[in-house]
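K.L.:
Attaching a single structure in structure tokens format; questions to follow.
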Amino acid sequence: ATKLINFPARIVTTLPMDLTIFTLVFCLHDVFVNCNPAPFVDVVVDRYEIPTVCPREVETEDFIRYHFNGTFYADGKKFDSSHDRGKAFISQVGLGRLITGMDRGLQGMCVNEQRRITIPPHLAYGSIGTGGVVPPDAVLVYDVLLLDIWNTEDKVQIRTLHKPTSCHRSTAASDFVRYHYNGTLLTGAAFDSSYSRNATYDTYLGQGDLIKGMDEGLLGMCVGERRIIIVPPFLAYGETGHGTEIPPQASLVFEVLLVDVFNPTDDLIVEVKEVPEGCTRRTATGDYIRYHYNGTFQDGTAFDSSYKRNSTYNTYIDMGYVIRGMDKALQGLCTGEKRRIIIPPHMAYGEAGVDHLIPGSAVLVFDIQVIDFHNPKDPVDIKVTHKPQDCKGTSEADDLIQYRYNCSLMDGTLLYSSDHYDTPSITTLGADKVIPGLEEGLGGMCVGEKREVVVPPHWGHGENGAGEVPSSAVLFFELELVELNKGVPDGYMFVWLGDGPDLLFPAMDLNGDKEVPREEFTAFIMRQVEEGKGRLRPGVDADSIIQDMFNNQDHNKDGKIVENEVEEEPEQAKRDEL
């Protein structure tokens, strides 16, 4: 039976119009007659699998790599197959290196396209055949799968998929880069991926450590940029291929994400983000600093944060306790200052990195905020912000004082305030009831005086902190002295202000009856206080003090003091009590 060529399903090379019509008419005329089909006069191409996207078609002088099965048209018997050999066929198109029919049939083909190419004998091996494999006058059928196309004029192709809005630096020769990639052949078959290893590929650019095409394709990239890099075989692994995954003469496609870049000559980069007004002191070598930070890589991936731990990082400056780049960056800072610090790996953790935290050769980015700093030799810093003109006396040891205060960290975080209790705070100076730095700040104040006092931790709560006070925190106090009650030395209930009476008992015996009961003793003591000749311990109930003093003098406990009880009292005891 006659077999017609199905034009809609196949692409047929152009035939003369009269020959096409003649063949069609002849076969229609002979439908019911045993008619042999007309011989093929040109290549017949059946494109039975066409990829959706075809960025490039085969042209004359292109090199191609393809798989094929070769069969005879007459009986379908296979005479050759690259699949059976396990190796794709490589050739150049249109220059006579293939049989003429194949040269024509491969034109316009796309990678991943499958087509059936039917070749008449005069465009194949003719009336002679070849090597006892292909008989004379054989029509050949090739089922072809195109794997690769390239040309000697090809260059590295770069297509940018994403580029960050802000790009402060792009890669250049001699830079060290860290990048992720997926590597495929033109067909999409994967041959390697850094993601599968969960590790970036790290290398220098322009020093021959990469294939030439990759060295070129990575130039000019920004951190965070994504690219497709297509490398022709002669700029990749060429005729030898690489391992079992990359065949000879394979074009390579890399989807690349640049993670990091630096140069071995790089120094620390410091970007000042915010400096508080009125900065009078900056960090220096030997200072102890508390700061918060967020640590990221150049692509923005976070690796650590003091904020998440809700605890500052505390260290001495330029004494080798932190990485070299940070030691350098922490100098010259103000309290409250914010900086971005970019540290190259040779000033950070180098090629080794830190296990499970920081990869080798990673550039580190720290956004820091200084909370406070001090030097172990710092004194308490006292600044008087208001002092009354009429200052009749100043606070000193043993005085009972009332004062208002706000206690904050140096970043302004309020920790404690007397306003919270609606009443001033009360303490006796020198009684070790407050931290030494506050004791120092409260000394020598007039009633109504206001001060700002900076207390370094060795004058405060030290390395351990206390309550809401973090370890090694510098404290800032705003103080106002509200009331001052002059005190007596520790261990005393009453002291004379000047010399006491030469004869104590007659002075106590107000009515001259040679005995001093409790009421008369009280009247005597209160008269000394009112006349400014003596002072009771402030902050303690006066009646209780006087009762204790009376009991100490009334040796026989008969409810009255007589002269011999006073005279028998040792001199030291007299002074302690009276």
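The chain as shown is numbered from 1 upward.
Glycine too: its Cβ is placed from the backbone N, Cα and C atoms.
Dumping what TrEMBL says about this protein:
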COMPBIAS  554-563  compositional bias 'Basic and acidic residues'
DOMAIN    61-150  domain 'PPIase FKBP-type'
DOMAIN    174-262  domain 'PPIase FKBP-type'
DOMAIN    286-374  domain 'PPIase FKBP-type'
DOMAIN    398-485  domain 'PPIase FKBP-type'
REGION    552-578  region 'Disordered'
K.L.:
What residues elsewhere in the chain lie close to the compositional bias 'Basic and acidic residues' (554-563), defined as a C-beta under 8 angstroms and at least 6 residues from its ends?
P.N.:
505, 508-509, 514-518, 521
K.L.:
Would you list the DSSP helix, strand and coil counts for the residues of the domain 'PPIase FKBP-type' (61-150)?
P.N.:
13 helix, 37 strand, 40 coil
K.L.:
What does the DSSP secondary structure composition of the compositional bias 'Basic and acidic residues' (554-563) look like, as residue counts for helix, strand and coil?
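P.N.:
Computed counts for the compositional bias 'Basic and acidic residues' (554-563) are 1 helix, 2 strand, 7 coil.
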